[in-house]
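Chemist: Please read through the structure below; I'll follow up with questions.
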Amino acid sequence: MGLLIDGQWHDQWYDTEKHGGEFVRESAKLRDWVTADGAPGPDGQPGRPAEAGRYHLYVSLACPWAHRTLIMRRLKGLEGLIGVSHTSPLMLDQGWTYHQDEGSSGDPLNGVDYHRELYTLTDPHYTGRVTVPALWDRQDGRIVNNESADLVRIFNTAFDGLTGNRLDLYPADLRETIDAVNADVYDHVNNGVYKAGFATEQAVYEKHVEALFAALDRLETRLAEWRYLAGEWLTEADIRLFTTLVRFDAVYHGHFKCNLRRIEDYPNLSNYLRELYQWPGVAETVNLDHIQRHYYMSHKTINPNGIVPAGPLLRLDRPHDRKRLPGRGIREKG
Ligand SMILES: N[C@@H](CCC(=O)N[C@@H](CS)C(=O)NCC(=O)O)C(=O)O
């Protein structure tokens, strides 16, 4: 894996030494927005208009951040409007690739072999990490946005006029709650597993594992009372937690050494995970083969021989008990 510096590829692992053994995630850099009419985004970001067939989503099926956008695309009925290409699960010295012999869909749109080419097509002098997901604008021939949190919000709204889909995963009156849960979940769970797994100092690893399990314990308590993270309505907060939970026992527990408990050991979290997995359309976005092969085969510093474990057997289609709590599904816009 590596990064681009002034448009040139450098094969480099994360530099934890410079941060005392800590993995520090770089912020996404391409943050333009898509809106119904091309007006600016919610914080004044430059906007582009929503049009059928204009945008294309580049993802890895292994990546929890990209997975958020795939679920939103499905729930919001965007499949006919926004195409998808997925990388090979392996992210090695050349970064993400579109090698079909390794399990990628290939890239019929731009015909690139390497994901980094989409970044240098966007900016020949691009400097930064080359990440998925990335939303591509076919008209301007560039990446519009490479931040999954933004793409979740864009998909929630921008294309409603074209699809007629009124589902609202970020309802105005729940935003304060959603933002607060998201902040905790991002820091300690979504990114927390990486901070533990990529730590190169014992004390740093221990600090992040403890913070991760303290957060999971808090979530377990919350989900004893509430069907979903923001209460009776399923929101983006649930999608954002789900993509980490569904990888947890299969990958983070072993590969990232997040092994104080499994999700399976938490009654509420495990039932909640199964409810979300069984939500119409969601299971089809989960590819545990890509997930396990990606982590165990790509991170040679952690697992040098690239052996992929045989288990665990997750059986996410087992019944769940969440119907005991009041739930109203996904809100419709008024
Ligand atoms: N902030 C980004 C993070 C995306 C991200 O880190 N994706 C990982 C895959 S799970 C990646 O592409 N990493 C490549 C790298 O860091 O070089 C988002 O949420 O969209």
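Yeah, the Cβs are placed from backbone N, Cα and C, and that goes for glycine too.
Below, the features straight out of TrEMBL:
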- C63: active site, nucleophile (ACT_SITE)
- W96, R129, V130, T131, V132, E147, S148: glutathione binding site (BINDING)
- 171-295: domain 'GST C-terminal' (DOMAIN)
- Y194: active site, proton donor/acceptor (ACT_SITE)
- Y252: site 'Lowers pKa of active site Cys' (SITE)
- Y295: site 'Lowers pKa of active site Cys' (SITE)
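Tell me about the surroundings of these features in the structure.
Modeler: The secondary structure of C63 (active site, nucleophile), as reduced to three states from DSSP, is coil rather than helix or strand.
Sequence-distant contacts of W96 (glutathione binding site), defined as residues of its own chain at least six apart whose C-beta falls under 8 angstroms from its C-beta, comprise S60, T87, S88, Y114, H115, R116, V130, V132.
A sphere of 10 angstroms centred on the C-beta of Y194 (active site, proton donor/acceptor) encloses 18 other C-beta atoms.
Mapped onto three states, the DSSP output places Y252 (site 'Lowers pKa of active site Cys') in helix. The Cβ of Y252 (site 'Lowers pKa of active site Cys') has V193, G197, T244, C258 as same-chain neighbours under 8 Å, each 6 or more residues away in sequence.
Its Cβ placed at the centre, Y295 (site 'Lowers pKa of active site Cys') has 23 other Cβ atoms within 10 Å.
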Chemist: Looking at the recorded positions C63, Y194, Y252, which have a C-beta within less than 6 Å of some atom in ligand 1?
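Modeler: Cβ under 6 Å from ligand 1: C63.
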Chemist: Tally of helix, strand and coil residues over the domain 'GST C-terminal' (171-295) according to DSSP?
Modeler: 91 helix, 3 strand, 31 coil
Chemist: With the glutathione site defined by the record as W96, R129, V130, T131, V132, E147, S148, how many Å span the farthest pair of C-alpha atoms?
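Modeler: Max span of the glutathione binding residues, Cα based, is 17 Å.
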Chemist: Go through T131, S148, our binding-site residues, and report the one whose Cβ sees the most other Cβ atoms within 10 Å.
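Modeler: Answer returned by the neighbour count: S148.
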